[in-house]
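What follows is a short report on a single structure.
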């Protein structure tokens, strides 16, 4: 499992789950989903501490979304909920950076969200925590601070779809490879970020990352 500390170099994709916290869905005026909503970021989305967050060209409304990430430890295809936790090697925390103006335009046109979600650098990501450090991923606290002030803070027990459900559903449609990351959704509190902002995020008492916005 220790080899998964370098999961960013192993990953083939980042699977993201939309609207998995009721309060976030409602703050954007969206319906509560009846099944998981999935989209994918490319691995070029990853950036690490020391690299700046940069809005894509033309974006005027860039939002942050803090999310618990699940790191896959072995190839997973059409797995069951009862076995799903056996495919997890550890956890991380990331920001799903979203060009909200791009996304709003795509929604109106009935088009995919790809440009809004998967631009280069759209996934600032923290370090790796082995499963032994998080015995219950549904009982940790996500946080995100902007310029030192709380912007998002929520426990993971209020997810609409829990992690086994997400992994079972995802792997019915496509295979998860070793090192792939599944981002499990964001709570309420997303907001526009600006050049010069400092974003700090992580899991309370477990993991902390800090990024500057260019």
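Glycine too: its Cβ is placed from the backbone N, Cα and C atoms.
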Exercise. Which residue of 96, 101, 104 does Swiss-Prot report at the same Mg(2+) site as 65, 67?
Worked result: 96
Exercise. Per DSSP, residue 96 (Mg(2+) binding site) is which: helix, strand or coil?
Worked result: coil
For this session: Tally every other Cβ atom lying within 10 Å of the Cβ atom of residue 67 (Mg(2+) binding site).
Result: 28
Seminar exercise, completed: Three-class DSSP assignment, residue 67 (Mg(2+) binding site), comes back as strand
